[in-house]
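Structure first, commentary second.
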């Protein structure tokens, strides 16, 4: 685990253990407040109530096995093989109960996977995605928010809009980062209500959805609704504005800069943004850029709601949030990767490419290599990705038709894409190998992590452009335009 055995914080594993300690030993009114028994500077709770309730449930089980695991104060930094087995078991159970069933049911519900074999292969590719192992499990995170979000998508695909709204509310109340997916859910459901007519069935549906959302949040937040100060303190913990645009890597020594592929972290190599702009201005500017980057997608989805456009919008909006929003963490890339996994059957080449880039990182050479090669091998064997690089396969046919007078290399496009993919994979492999085997210059100790960050950021910007083009030139929603062509 990242930070394991390294005082004073001991890493994300200790965070999960400490939350069990806090929720079990302290009354609810103290969970999010700084007290003598709850030092918020030492892994204070900064996730929504469902995370706290889940920690409390695990704590009750831990107490039955070994009370020392969650003893107040004295359990700080506790690490042992039995406890690691217990914590890993809790993650495995969460996977089996929420995330894995959602993946399997989703793949078997797809119209494109007409046979059980195709559905099984699609599920295998998603479950083998290296990011969940290297990033989520590496940071010792529970996949419940991703699982609930996937259940929400699954429900909406069956037109179970109220159940889908409930599932997404659970995801949002487990991790606030699910806000990355909130606008596509909102725009899709609102567009659906508009389509039904806001003076008839659409108004009824909108009222039911609104009621479901309000009731879900009320139940989740009920213990914290005793007074306004409780609510405000929880919100302050969930939205840490005072931390600035981004944070340094906690486990770097010294921590010179943030080392992941957000646009602000990449720009900080050239411009020390934190030294030039105040935190309030950083917040406003990042909000404006994020909003503008996802606005076209949200408008298109509201005006022309479809399940296919909804899934692509989940990718585009989450990627915009990851690149441009405030206080992004490296594990937030999983919020982009999950919806990319959902469309791997539609654009297998680009989805596979993106998922490989999303797990590109310095360090962890052996697990990174093994998991990435296994994932790539399954995708190549299952989807024949190198045979699906034409403009039509990549959902770019209408885009090229729109600019056919100005684009002379459309015929050679598949070859260009394949070469770019091979160049990309080669570059990632070389940088990964060098970061593990070559000592950087003394003047540039962070040369390889920053190179990984910059290369990944460039990839993500290009992917953002690509997904927006696919959404805005959606062939299935642009038949009249196609007839004109």
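Note: Cβ is positioned from N, Cα and C throughout, glycine not excepted.
Automated prediction, rather than curation, is the source of TrEMBL annotations.
Model, not experiment: these values are computed from the prediction.
The transmembrane segment annotation in TrEMBL covers 85-108, 120-142, 148-172, 202-224, 309-326, 333-356, 368-386, 420-438, 450-473.
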With pairs restricted to those 6 or more apart in sequence, evaluate whether the transmembrane segment (420-438) and the transmembrane segment (333-356) have 3+ C-beta pairs under 8 Å.
yes
Does the structure show the transmembrane segment (148-172) and the transmembrane segment (333-356) touching, where I'm treating 3 or more Cβ pairs under 8 angstroms (sequence separation 6 or more) as a contact?
yes
Tertiary contacts of the transmembrane segment (85-108), as residues 6+ beyond its ends and Cβ separation under 8 Å:
13, 16-17, 58, 61-62, 65, 69, 116, 119-120, 122-123, 126-127, 137, 140, 142-144, 146-148, 150-151, 153-154, 157, 342
For the transmembrane segment (202-224), what are the same-chain contacts with Cβ under 8 Å, counting residues 6+ beyond its ends?
28, 32, 48-50, 161-162, 165-166, 169-170, 173, 189-190, 192-196, 230-231, 234
Give the one range among 333-356, 368-386, 450-473 whose Cβ atoms make the most pairs under 8 Å with those of the transmembrane segment (120-142).
368-386
